[in-house]
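Shown next, in structure tokens, is the structure this report addresses.
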Amino acid sequence: MKPPFLLALVVCSVVSTNLKMVSKRNSVDGCIDWSVDLKTYMALAGEPVRVKCALFYSYIRTNYSTAQSTGLRLMWYKNKGDLEEPIIFSEVRMSKEEDSIWFHSAEAQDSGFYTCVLRNSTYCMKVSMSLTVAENESGLCYNSRIRYLEKSEVTKRKEISCPDMDDFKKSDQEPDVVWYKECKPKMWRSIIIQKGNALLIQEVQEEDGGNYTCELKYEGKLVRRTTELKVTALLTDKPPKPLFPMENQPSVIDVQLGKPLNIPCKAFFGFSGESGPMIYWMKGEKFIEELAGHIREGEIRLLKEHLGEKEVELALIFDSVVEADLANYTCHVENRNGRKHASVLLRKKDLIYKIELAGGLGAIFLLLVLLVVIYKCYNIELMLFYRQHFGADETNDDNKEYDAYLSYTKVDQDTLDCDNPEEEQFALEVLPDVLEKHYGYKLFIPERDLIPSGTYMEDLTRYVEQSRRLIIVLTPDYILRRGWSIFELESRLHNMLVSGEIKVILIECTELKGKVNCQEVESLKRSIKLLSLIKWKGSKSSKLNSKFWKHLVYEMPIKKKEMLPRCHVLDSAEQGLFGELQPIPSIAMTSTSATLVSSQADLPEFHPSDSMQIRHCCRGYKHEIPATTLPVPSLGNHHTYCNLPLTLLNGQLPLNNTLKDTQEFHRNSSLLPLSSKELSFTSDIW
């Protein structure tokens, strides 16, 4: 009988020892330790704060006075690592008052844990409190780390109290509290009422969320406490809703074996308090964790959130799909109100689908490439076709007379060697001929159409303003003589180019590098706002279906094609150097019924055998001609000209000719035939 009794005694001893160890698990050196209290104290630097010993408010049923009367002493320590150091109160910045520590002006270094110990020779109990002191954030009246948090459902009633106000009350009066929202005074709505030290919102709206700061004065210092109010939707009474896959509508996904796969499950969760969304995948009755290692769940992703309502996603990930993975997978979503689920069926993809997809995408890609190539090669032709059939006439109601103003250089063949006669003929003959005769445009050519009515500059400015385009034929001679100077000297013309009031078409007749100062050309291009550059390539551009003429017509105004009568442009005997293109003379033509007494033999400078038979004339001006100078005899079909060189319109005198008396020059040559030298004895820029 003794062995069983001894065994029972040993067991009782062990149990008793274990019970004693459990009862002393939270005690150190015989002192009961309640660890850290849930309440945290927070203050801004420079503000007063009171840290109260939590033993008298949450752990023992007695107050400080009663405990002191029974011989218990209250001592304070500050935790520094694993050590607790006694606090020496300076009475200046920090003092002890009954069951509390008063920080009269808290500093950031005061942050930490403070332990109050209540003990005598036979009894000991302690607890720690947390204090956080922080500086204001830049531009704010609070620090986001030391805000209090309150929540309220939308449309509900909410009261926001000013924390720790009891610590700053005086026995005879309530503290005067001022409320701010986002650190600014606010005109509260009628349903928001300040009730004592609290702010009462009778019906919370979404816009009521934010930071509320209460402010009061204590011992000459400001005390601020900030509370963040989070507004949420009404507490839901419904289970979550699957968004993909859809509930009661299984989705079928065709997969290719050996390829990775990612299947998302999306669901909507109404606001259900502090509980987070619960979402997971299953294969039949097994959780994903129970399946093979190549199948796993991803992380829960928050897609959207509004007032606590969330849309989340959980992906089912296959590193490489195998035959055994072709099955039904279910996504489950839960909250405290219930559970919903939706399914996905994996099915093997036939190879024909891939071939069809590749063929379709390839055909679309080839079609896009073909369209791009066609556009790159025929973009101008396409635009001209569109303009011809659908474009509006640009010349309607714009109050402009001419389609383009032609600016070029006429070179004196006797005084300047011309390296490019083909370019000269193009600028003076071919270009106007084709634009007027073939395409029906109306050009203003100064040498032909200028009718003096004022000063030369005013006349040119007026005609440029009446033109829809400005065509500049850019030859080396044009650049050497700075043919564009007229557009820089006249302010109105310069403003038209700079502001884009008129579009400029710049035609380059040759490669300019190495022949002229290209910096001036580039400066000219930069000064023009609306500029199109077209290059004339000689014989390559001679045919009407060449890229040059199509590009030029594209840059010209949109208008219906109007063919001008040939008699207005060319003589029947005139032929050009370009075969298909017919030239017009460098000086516009006209004829007169008046004839001179002198015969052809009397005109030593008249050369009927020239390679190009060009009828020369100049515009008639208001010049009184005596009737006696027109005799009856006729010279036949010869043309007559006023001997008034067009260069004199600028007030210039012919080069290499010195006139002693300009008036005598005009008086003695009022009506004489002009020789070819007189017609080209200088370089005129128009």
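The backbone N, Cα and C atoms fix where each Cβ goes, glycine too.
Within the set Cys183, Cys331, the cysteine that Swiss-Prot bonds to Cys265 via a disulfide is Cys331.
Per Swiss-Prot, the residue from the list Asn211, Asn656 bearing the note N-linked glycosylation site is Asn211. Of the listed cysteines (Cys116, Cys124, Cys141), only Cys116 is recorded by Swiss-Prot as the disulfide partner of Cys53. Candidates considered were Cys31, Cys124, Cys214; Swiss-Prot assigns the disulfide partner of Cys162 as Cys214. The Cα atom of Asn136 (N-linked glycosylation site) lies nearest to that of Cys116, taking the recorded positions Cys116, Asn120, Asn328 as the candidates. With Asn211 (N-linked glycosylation site) as the anchor, the candidate recorded positions are Cys116, Asn120, Cys265, Asn328, Cys331, and the one with the nearest CA is Cys116. The most densely surrounded of the glycosylation sites Asn120, Asn211 is Asn211 (count of other Cβ atoms within 10 A of its Cβ). Taking a C-beta cut-off of under 8 angstroms and a sequence separation of 6 or more, Cys214 (disulfide bond) has the following same-chain neighbours: Cys162, Met165, Val177, Val178, Trp179, Tyr180, Asn197, Leu199, Arg224, Arg225, Thr226, Thr227. A strand conformation is recorded for Asn328 (N-linked glycosylation site) in the three-state DSSP classification. Per-residue confidence over the domain 'Ig-like C2-type 3' (239-347) averages 94 (mean pLDDT, predicted model).
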